[in-house]
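Record features, source TrEMBL:
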type     : residues  : note
TRANSMEM : A:6-27    : transmembrane segment
TRANSMEM : A:34-53   : transmembrane segment
TRANSMEM : A:59-78   : transmembrane segment
TRANSMEM : A:90-110  : transmembrane segment
TRANSMEM : A:122-141 : transmembrane segment
TRANSMEM : A:191-212 : transmembrane segment
TRANSMEM : A:218-240 : transmembrane segment
Amino acid sequence: MSPEISNQSLWFLIIFVVIPLSVSYFYQLGLSRNVIVASLRGTVQLFAIGYILTYLFDLNAYIGIPLMVTVMLVVASFHARKKGKELPYVLPVIFGGLVLVEVSVLAMWLLFGMVEFIPSEVIPMSGMVIGNSMVAMGLALERMKSEFSENRGRLLAALSLGAEPKQASTLIVQRTLNAALIPNVDRIKTIGLVQLPGMMTGLILGGVEPIMAIKYQLVISLSIFSSVSLSAMFVTLIMYRHFFTENKQLLESEEAMLAYASNQEK
Amino acid sequence: MIEFRNVSHGPLRDISFTLQKQERAILFGPSGTGKSTLLFLFNRLKDPEEGEIFYNGKPLTDVPIIELRQKFGLLLQSPNLFPGTVLDNLKYGPSLTNSWRPGREKELLEYVQLSPEMKDRDVDHLSGGQQQRVSLARTLANEPEVLLLDEPTSALDDKTGEDIETVLKELIEQQGLTMVMVTHQMAQARRLGTNGLFMNEGTIEEHGKIPEMLEQPQSKALKEYLQG
């Protein structure tokens, strides 16, 4: 294996972009623009972060880590918010959830000596935890919105039978968490059998002993497993309440939810 | 028993009427005039934007909301059953207030003319008519004083709709329930209702005894509605 990927070799990665582009063109999927933008954006972002990380890793841990983790939390919050931007208070809820998850996971890592408090360890691992939690929160929000709209009749029936909003929403909360957590459970089930996870692969390619790479992978995989569950649960259990008024009435639409929330603030 | 005083909400404007105990009122009129909205005001699935509603002389808002909803049973157009068995559905309302009595399912299924053996059936395996009967039995499990029916047979075929209607008629008469029903079927209104409220453009355009309203409509809107 070559010790370093040359810049010339990298140019050939274009082939990997041409394949999905051709599929999109051939089947008229209308994804060509997205494929090009995503590939270019991803490349630029990765190179930029490469340079930034080199700089951050040289900084004092007490400056570099909070700085980069804050940036990650803010960017992830705004990204996850897109999946439920019509819902009231969604941004602070997502941000709060991500902070909670990151702080808990980081505390565990440090407390039990799994990770050292140095930028080169904490930043990439936090990135993986925050990124996966962001996806889970987005999935949960999207699923919750569709469950609420599909089960409107059932919710009205439950409320009219005397259920509290929490009782009426039990099914929706279960289905939402299921949808958000199943990919995570499947990933853990097949880990090492179907795919060698990214972090472990990276460490092995970088020359680390496989057993050591596996230890790191275990730490990150189980951290992600737990943080994804926690973040999906956090966003679901807080956000479902906003579908109801304080008089246990179901709000008709996302516009009605926003109007109700702004009236409550007055 | 129930009095609406100058109530407005969404399409509804300045609605006033009184409903007596054991009265069977039919809400009818063109689509989009707020009939379902009016029905939801009874059990506070919606609250009036203006005006007030009284129940036995007390403002509706003074009655604890869960108690109120259990007194005003609502049956919607679709059964909206919860996943699980027939029994799970029947127990739902009473279990919320820990008032379910084991064995009660037999009596409830009898009310809606279903066999007691059906209690363990998965609701997904029932026909549309059976599902609507289970939904009605689920509403009755709370022992409501008032039945609010939002086009309860409109999603069913004629024969099944008629069967449900027969069940409803017998129940209401036997148990002396007060009823408010939204329907577009005038023959059904005639068979089930005592009084009528004809709604048009968010207001009650005409009200009175059902047979008279249908035979001698006074307002131009009701005449047109009955002809159309």
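Cβ atoms are placed via backbone N, Cα and C, with glycine included.
Just so it is clear, the model here is predicted, and its values are computed rather than measured.
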Checking A:6-27, A:34-53, A:59-78, A:191-212, A:218-240 against the transmembrane segment (A:122-141) for Cβ pairs under 8 Å, the most are found for A:218-240
Given A:6-27, A:34-53, A:59-78, A:90-110, A:218-240, the one sharing the most C-beta pairs under 8 Å with the transmembrane segment (A:191-212) is A:218-240
Distant-in-sequence neighbours of the transmembrane segment (A:59-78), which means Cβ under 8 A and at least six residues beyond its ends: 52, 91, 94-95, 98-99, 102, 117-119, 122-123, 126-127, 130-131, 133-134
